[in-house]
Amino acid sequence: MSLLTGSANAVKYTLFGFNLIFLITGIILIAVGAGVGAVYTGYKLFLAGKFFSIPTFLIVIGSFIIVISFFGCWGALKENYCLVLSFSVMLAIIFILELAAGISGYVLRNDASDLIKNSLTYSLNEYNSIFPNATTQLWDEIQEEFDCCGVSSYKDWIGAFPTGDLPISCCNVPVGAVGTFTCNDAQASVANRHKVGCLDGFSGYISAHAVSLGAAGVVIAVLQFFGVIFACYIAREIKIRNGITGFM
């Protein structure tokens, strides 16, 4: 038999409903963290470690939410003071962690350009056209995908190729081209050479995913804030009706 009546009983079932939502949000956080992490992994050579810490953090938080949502559901249905109180405390901790993760995502967006610029600039001299390596492959993929050349412009490749030659990925190979195709800084290559550097397009792409991390953390944290309020109210009502004194 329920110890709660009236508005408290309604809030109890509202809390139960919120826990189902929390379960879904936990899954969403895991999906967002894993999805963004997978995108970042494809460019891991050019990304600092902090780009991977936030997606991993969200996956951990999402997993934790799934676990504690069962505490909330069971505690609300059984009207167990200790379970509901424990759920309230854990949810409050999760709220703080999610808010921190969300803010970190937005901060990472602002720092992305500088971090990526340093990585791209450093990696230019690691491009090896004779014995292609992972850096060579990734540079080619980025320049083809974002229709760009170099960090800020094609001139960034001068240090790596003093002869003026450029990676073929810096140019659009003309349709129907036969035989040897040359991509360089000469006037003849202007029509086919990519006009912009890779920094803006690539960092913008990475920053957009950082924003999705921040948005997921902040939006779900707001939802959980109301969950903390409901859980604290239910714990208080159960405590009063059970005649429990003190904090516990």
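Sequential numbering from 1, following the chain as shown.
Glycine is no exception: its Cβ is also placed from the backbone N, Cα and C atoms.
From a predicted model like this one, the values you see are computed outputs, not experimental measurements.
Here Cys149 is paired by TrEMBL through a disulfide bond, and of Cys170, Cys171 its partner is Cys170.
For Cys170 (disulfide bond), the count of additional Cβ atoms within 10 Å of its Cβ stands at 25 [all protein chains shown].
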